[in-house]
Structures are given as C-alpha cells and as structure tokens.
Amino acid sequence: MPTTTEFDTIAAISTPPGEGGISIIRISGDQTFNVVTQIFKGKDLSRVQSHTINYGHIVDPDTHQEVDEVMATVMRAPKTYTREDVVEINCHGGLVATNEILQLILSHGARMAEPGEFTKRAFLNGRLDLSQAEAVMDLIRAKTDKSMKVALNQLDGDLSKLIRHLRQDILDVLAQVEVNIDYPEYDAVETMTTKMLKEKATEVAQSINQLLATAKQGKVLREGLATAIIGRPNVGKSSLLNHLLHEDKAIVTDVAGTTRDVIEEYVNVRGVPLKLVDTAGIRDTEDKVEKIGVERSRKAIGAADLVLLVLDNSQPLTAEDRELLQETDQSKRIVILNKTDLPARLDQAELAQLVDLSDVLSMSVLEQSGVTQLEQRIAKMFFNEGIESSQNNVMVTNARHIGLLNQAKQALQDVQTGLAAGMPVDLVQIDMTRCWEFLGQITGDSYEDELLDQLFSQFCLGK
C-alpha cells in the first residue's frame, strides 16, 4: 500500500464554482507548508499549532501583488482527512480570486488533484476503508434525512465492522481446517468436522441474507425512486410535478402537448427520495417533436420503479387511458383521478373493470387536496414497516456491495453443496475462502487499482 511520502502535494477548490460568501482551496501532501508559505503573508504557517485558523493575505511572490485577504486553516498529519499535512485557504467567494489563488498554489509546487483524490488518499493511508470512502459520496449526494442517516452510519464504520466480524469468523474456521489438514496426527487438535463447517457456513449466510434484505430499501435511499408521472395530454401531470416540487418547474397550460420532453427532478417525500420524471402526454400525434417526447415517455415507464398514472376525472375514459392502464398493469403504480374539483364524468364502474380500485387515489392538484394522501401512500408502498436494518443498524445501499454479498452468498451455497456431496474438507475450504475474499472487496481489504480509479473518478474535485 502506498505511503504518504510517495504522493505529490495536491490542491483543488473544494467549494462549488460561482459567487458565494467564501471559497475553500484545499492542499494536501508532505510539501504543503513549503507551497503555502511562499504565497501566504502573515504568520509562518509551518510553525503554527495544528488545527488553528490564521489570518493573512495571499500575495503573488513574483509581482508582490496582493490577491486576497484570507483565513488559512492548518491541520498537521496524521490528524487530518487524508492523514497528510493539510491547509485549507478560505478566501472571498467568486471565480477570479479563487482561481488566482489556485494557480499560485499550482505554480509553487502542488499539482491539480484528480476527482476524489483527497478521499482516495484517506483510503490508501488507512483513515477510511473502501465502504466508508464510498459513504462520503453518498453523504454528499443524499437527497433526504433518511439517506443522510444511512450514509453517516456507513461512514462511521457500521457496515465495515459487521463485514470484518464475518470475515474473522470465516478466518477462524479456515485456520481450524488448516490445522486439521497439517497436523492430523495430534489428537489434542480440535477436529474440523463436516458438521462444524456446515454450521459456520449457515451462520455467515444468515448474516449475509439479513444484509441483503435491506438492499431494496437501501438502493432506493441511495439512488432515489425512479417515478414516472404519465397520462394523456392535459390531465394535470405537470401540475402534479410542480406541486410535489413546491415550484413551477414544468409549464402548465390548457394546450395539450405543451410538455414535449421528459423533465427529471428529485423531491423528498416523507424521507423517500423520488426521482420524478414528468413525461410528455402520451397520444397519437403527427407532430415530429411531440412524437419523440411520447417515445421517451414510453421508455420512462419501462425504467420506472413507480408509475403515477394520472387520469382526468372530469372526462370519460379514452382509448389512450385504457391503453396506459393496460401497459402499466404489471408496474408498481398508483392511479390518480385528478380534477375532482370538477363534475365527475369518468365511469367508476368501467374503471373498476380495468384496475384494482385500491390502487386508485382521487385528488385535485388545483385545490391541493389528496396530495398528502399520495405522499403517505408512496412512503407506505416502499417503507411499509419503516426502514429495515440488519444487525447493528446496518443497511446495504451500494450496488457494488450488493453484488459482492450475492457472490459471497453463492460461495457459501457451494460450501453446502460440496459438503452434501461428501467432498473433502480441504476442497470445500476453497469456496469458504472465496466468500472471505468477496467480503474483503467490500471494505477494500483486497482491491484492484482499476476499481479504485473507477470509484474515485465519480467524486467531485476537492473531495
């Protein structure tokens, strides 16, 4: 594993670009103080106490031109995010001053950090394991308080502790197998029986199954619930989107076909992050642009975790309504009867022949009635008994982790199959070792450089 001395000193802007109260430029590496002292006018930062904030100015040493008035936060290794020497320069927000300071840092010994490189160093230097490093990005991207709480639990190491406990259990079994193989002549050595190996495989598999039982909810919390709002034109889809978002994101008019494309937005519905997709009204049309929007709408239905099918309660069912009801029959859906503020003309008896009325919710987006009930129903559909968790309040949210847990589970099934077939214990232990290795990939106890490059490239600059 690389050590801090093998790394260049890196720098990046940690705050979003644009105007703001402050901007932060982060520097990390063994040459941090050599770089900063060349451009910082004030106290000698190489001598100040760690974890202090120091007032001063950034000055171009070549022109002696003052660039900005700043506060510099000094943090010495190893008690930093990267376990390297770190300085964070807080300057006035804005593109010009921030970029000028960054360029001075880069021209005096640092290089530009790659996306996620600060967190990558935290992993390589042993401050975080891989699952904790991934939780950093989950925390940044959290859309709801529930998402944030799950990410914080993972960052605190809850998942890591459980995985390492399982790996240690497996390692203990493998050690006993090795002793039994290497020293079969010693009667005092505890014999690893087929029964004992089977019991341990069953025990670990139960823990993995408990983790996997949280995966569905966890994936929703991490990635959001892809929710398609569909219906024929002018039934109130865009009005529903705007109401859920509490802002006018979609154009609302009486003209059918106004929404020509798919609009995507995230919204927090009682702790459930919904990735709302407002689709173009689905109907037969000769308009080329609208036709493209309709085709995208149909694709959105296929990709959705939840379909909100909006019908107009003030109009009789149309052939397009019936087609959409049939097309979404196998989808997880809620059928919304909108415009209940107007006289009802939709035949409820006919609707009952096409859909289970328990899936139907009446509402008037215009009068803001029924929206609370819609939010309650969505939350109940996916979190009926609240947030599931396994031992120690652990939830699995990451698709990579889910895949590795399934591979570990399969390896344990192979152990059971081998034992049932009467295979020698020394052969069965190969599958037990595979399980141990798959679990190790979750925490990064075993990894490939290509995996690290792929994971950390998804991070933002400065993190």
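Glycine too: its Cβ is placed from the backbone N, Cα and C atoms.
If you look up Swiss-Prot, you'll see Arg26, Glu88, Arg127, Lys463 marked as (6S)-5-formyl-5,6,7,8-tetrahydrofolate binding site, on the strength of sequence analysis. Arg127 ((6S)-5-formyl-5,6,7,8-tetrahydrofolate binding site) falls outside any helix or strand according to DSSP and counts as coil.
The K(+) binding site feature in Swiss-Prot is assigned to Asn234, Thr253, Val255, Thr258. Over all protein chains present, the Cβ of Asn234 (K(+) binding site) has 20 other Cβ atoms lying within 10 Å. Taken residue by residue with DSSP, Asn234 (K(+) binding site) is part of neither helix nor strand, so it is coil.
Taken from Swiss-Prot, the feature GTP binding site covers 234-239, 253-259, 278-281.
Swiss-Prot lists Ser238, Thr259 with the feature Mg(2+) binding site. Here the Cβ of Ser238 (Mg(2+) binding site) has 25 other Cβ atoms within 10 Å, regardless of which shown protein chain they belong to.
Swiss-Prot lists 224-383 with the feature domain 'TrmE-type G'.
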### Task
Please tell me which one of the binding-site residues listed here (Asn234, Lys237, Ser238) sits closest to Arg26 ((6S)-5-formyl-5,6,7,8-tetrahydrofolate binding site), measuring Cα to Cα?
Ser238
### Task
Report, as a single number, how many Cβ atoms besides its own are within 10 Å of the Cβ of Lys237 (GTP binding site).
30
### Task
For Asn234 (K(+) binding site) and Glu88 ((6S)-5-formyl-5,6,7,8-tetrahydrofolate binding site), determine the Cα separation and express it in whole Å.
52
### Query
Once the chains shown are all counted, how many other Cβ atoms turn up within 10 Å of the Cβ of Arg26 ((6S)-5-formyl-5,6,7,8-tetrahydrofolate binding site)?
24
#### Entry: For Lys463 ((6S)-5-formyl-5,6,7,8-tetrahydrofolate binding site), nearby residues of its own chain (Cβ under 8 Å, 6 or more apart in sequence)
Ser14, Pro115, Gly116, Phe118, Thr119, Val136, Met137, Ile140
